[in-house]
Amino acid sequence: MLNFISKPVVCLKGEITVPGDKSISHRSIIFGAIAIGTSVIDGFLDGEDCIATLKAFQSMGVRIEGPDKQRVIIHGVGKYGLKQPQNIIDCGNSGTSMRLLAGLLAAQQFDSQLTGDESLLKRPMLRISRPLSQMGADVTTQDGKPPILIKGGKKLNGIHYVMPEASAQVKSCLLLAGMYAEGQTKITENAVSRDHTERMLRTFSYPVQIQDGVIVIDRNGECHGTRLNIPGDISSAAFFIVAASITPGSDILIRNVGINPTRTGIIHILTEMGADIKVLNQRAYGEEPVADLHIRYSQLKGIDIPVSMVPLAIDEFPVIFIAAACAQGKTTLHGAKELRLKESDRIGAMVDGLNQLGVHAEGFDDGILIEGGSIQGGEVNSRGDHRIAMSFAIAGAVASAPVTIKNCANVATSFPSFVTTANILHFQIEEYS
C-alpha cells in the first residue's frame, strides 16, 4: 500500500505546470480513434485513467503511438472502423472511460463488455443504460452497476433527452451514440455541465448544434484527424491553488491551465472566500481557453457555497473543503449529493478525515458544514480515492504536525507526478509503502 506523509511548510514559492487535462485527454483518444486520418495530441495525461481509454481503442484495432513525452499519435479508423475487442475492456478506476465507451459501443456491430476495479464496480450506471435503451441499444448492467454488457448490431434512433441532473459523462455518452443514430439526438441541459465533448466535436470537424441549452447531433458527419494541444488540468491545479491560498507567505505561478468556464468553479468559490488569484495571459489551445494563474496567500473566510457552483467544481470540492477548514467562520455546501457517488463517498471521507485532524465538520445527505480553524497533525485514510489523498496532502502543509495519508496508490490515475510537482513548490511530502 502506498502512503504519504505531508509535513508542515514555511511557505510555498515557485512556478509549475500541471499535467494535461484528464477530461480532454480521454476525449482526444475517443475522437482521434474514430476520425478519418491521423491525429497528433500534445499534453496528453498519461495517468492510469486515460491509459485505460487508450488501451480500449488499441484492443479495437486502432494504432496509437505513445504516450511519449505527453505526445500521442492516433491513426484513426473512421466512424465504422472499430473491431470487436478480443477481451473484456477493463476501465480500471475510470468512470469517464466506462460511460463514454458505453455510448460509442452501443452503436457498434459487435458485442462488448466493460468492467473496472472494485471502486468502479460500485458506481451507478442506470443513468446511461436507461437513455441508451430508449435509443434502441441493448445495454445490461448488474443491478444498475458495472460490469456492462452491450449487444451490438442494434439500430439506434435519436431521442430528445432532458438531463435530470448535470452530468458531462451522461451527456457525452449520448452524444457519442447520437453520432450513429437515425435522426437527430437532442439533449436539453437545465444546469451547466462540462462542455469538452462539444468543443472536441468542433475540433474534429464534426457538425453539432448548440443553442439555448439544447445540443443537437446526428449521424451525418465524420471526424477528421487534427493536431491538438491539451491544457493543464484545473482539477490538478486546484490542489496548489488552495495550498498557496492557505499557507502564509506563499506566492506561486501555475502556467498553461485550462480555464474552460464550465470548470472554473474553484476560482469563483475561492475568490468569494477572499483568495488572491490572478488569471493572466489568457489565450486558447484550439477550442479551449487557457491562462496562467498567479496565487498568493490571503486569509480566507467561510461562505455558503452557491448550488449553481456545484457542477462547475464537482471534482474540486475535496480540496475546497481543506480551504474551508482554514477559513474564518463556517462554510456550508448543499446540492452536492453526487459527491457521495464518486470514487469514494467524498462527503463521508472528508468529514471523517477533517474530524481526525481536529476540524469540526458535519456531513449532510447532499453536502457539508465545516467550521474553520486550524488543522492538527494526524492520520487519515483516503479510501483509495486520488482526490481525497491529494487534498489531505495539501492539509499537511498547514497542519500543526505531520499528516499521514493512507492508501494513496490511486493518485496515479489522475496525477502521477503529484509529489514531484508539489515538492518543486517546497512542500515536504514523502511516499512510503
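For all residues, glycine too, the Cβ spot is worked out from N, Cα and C.
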Candidates Gly43, Gly92, Gly95, Gly144, the one Swiss-Prot lists with Lys22, Arg123, Gln169, Arg346, Arg387 as binding phosphoenolpyruvate: Gly95
Between Ser23 (3-phosphoshikimate binding site) and Arg123 (phosphoenolpyruvate binding site): CA-CA distance (Å): 18
Same-chain residues at least 6 apart in sequence whose Cβ lies under 8 Å from Ser167 (3-phosphoshikimate binding site): Arg127, Ser193, Glu338
Asp315 (3-phosphoshikimate binding site), number of other Cβ atoms within 10 Å: 22
Rounded distance in angstrom between the Cα atoms of Asp315 (3-phosphoshikimate binding site) and Arg387 (phosphoenolpyruvate binding site): 8
Lowest local Cβ density (other Cβ within 10 Å) among binding-site residues: Ser23, Gln169: Gln169
Residue pair Ser23 (3-phosphoshikimate binding site), Gln169 (phosphoenolpyruvate binding site) - Cα distance, angstrom, rounded: 10
